[in-house]
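Have a look at the structure below, then the notes.
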Amino acid sequence: MADYYEILEVARGATPEEIKKAYRKKAVQYHPDKNPGDADAEKRFKEISEAYEVLSDEKKRQVYDRYGKEALQGAAGGGQGFSSMDEALRTFMGAFGMGGGGESIFDFFGGGNGAEFGGREGGRGARQGASKRVNINVSFEEAVKGVDKELVISNYANCNVCNGKGSSSSQGIKTCSECKGRGQVFEQRGFFSMTMACPKCHGEGKVITDPCKNCKGQGAVKEKQHIKVHIPAGVDSGMRLKMSGYGDVGQHGGPAGDLYVFINVEPHEIFEREGNDILLDLPISFAEAALGCKKEVPSLTNRACRITIPEGTQNGKIFRVKGEGFPNVHGHGKGDLLVRIFVETPTRLSERQKELLQEFSELEGPNNLPKRKGFLDKIKEFFSPN
């Protein structure tokens, strides 16, 4: 067998904490439950456990450091290898210590806080009430200016008959006979001894024998509540407002849950949102685009905005009106109003209009259509022989 320090991949001067951490990591990696039927993993697991058994014991480690593992022959658990998996598993369980140091075996097997095993569920400590979610629609204009909305929500509140105790009298609350008031029971599963919430009292440690008739022993009843929600200017769809303490009542003196308000901004008939900017498509005639004009455009700040459209303006041109967009919801600056030009091609022309357009077309020259001229020049260049 290789050197014990090499097996655990630690330095010879490693601290007990470093040795324990290294062992835990490797032991979980090669644990038989994670590697069923893998003989090599089983062998590695025994070697790792033997190395830890020696290096975690101060006296054995001193002997090993001075004289090697041969000097440990005959010592319990050291020097002669773990002949059975039971010995290795006992070392494994001892290393995790059932919660010593704030860690649990479930943290290493991917169980997080052990809740799926019942290790930390329940309990009699203060617990926060459940949080709630509501969706609220606001108009485009309300999102620009901000608005106050009234909501009606249903939350669990303390029963005003039993004051949240759940019992009609103090004599109606008894210590749980199953867990003797601990709120937890122990269960042995193979090599593992697990702590679970008591199934009789659900981790409370007490049972109610004389339940309150108003709340049916729950200690809380559902109540409707009218609340006012301030929607700040600049909100957008998908944003969330948190209202602390507007969820269900807490248990055992714990704080109430929170209310999360999810915003949905309704679309507008003529405006669109682009970040904090507001986009407006402005239709103008062919003549207005060619000759230029002045236009008054609407805004959501109730202020008339005038823009000057110069002659020769092309379709899709955007004019920017500063400060007429959405305010930043965090309070820093405002977006702009973007006016995008849409040049309409005339339809349903009269004979006279057609004649005039035909006459105009005959008078057009390359200088009137610079983009087309440039395009035709590129086409000629493309097809011309070298």
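Every residue gets a Cβ built from N, Cα and C, even glycine.
Since the structure is predicted, the reported quantities are computational estimates derived from the model, not experimental observations.
If you look up Swiss-Prot, you'll see 3-68 marked as domain 'J', on the strength of sequence analysis.
Marked as zinc finger by Swiss-Prot on the basis of sequence analysis: 146-224. The zinc finger (146-224): residue composition by secondary structure is 3 helix, 37 strand, 39 coil, according to DSSP.
Here Swiss-Prot flags 159-166 (among others) as repeat 'CXXCXGXG motif'.
Long-range Cβ contacts of Cys212 (Zn(2+) 1 binding site) within its own chain (separation 6+, distance under 8 Å): Cys159, Val161, Cys162, Lys165, Gly166, Ser167, Ser168, Gly219. Per Swiss-Prot, Zn(2+) 1 binding site is recorded for Cys159, Cys162, Cys212, Cys215.
What Swiss-Prot lists as repeat 'CXXCXGXG motif' is 176-183 (among others).
Here Swiss-Prot flags Cys176, Cys179, Cys198, Cys201 as Zn(2+) 2 binding site.
Annotation source Swiss-Prot lists repeat 'CXXCXGXG motif' at 198-205 (among others).
Here Swiss-Prot flags 212-219 (among others) as repeat 'CXXCXGXG motif'. Taking the repeat 'CXXCXGXG motif' (212-219) as a whole, pLDDT averages 89 in the prediction.
Cβ neighbours of Cys176 (Zn(2+) 2 binding site) (same chain, under 8 Å, six or more residues apart in sequence): Gly183, Cys198, Lys200, Cys201, Glu204, Gly205, Lys206, Val207. Under DSSP, residues within the domain 'J' (3-68) fall into helix, strand and coil as 47 helix, 0 strand, 19 coil. In this structure the C-alpha atoms belonging to Cys215 (Zn(2+) 1 binding site) and Cys179 (Zn(2+) 2 binding site) are separated by 25 Å.
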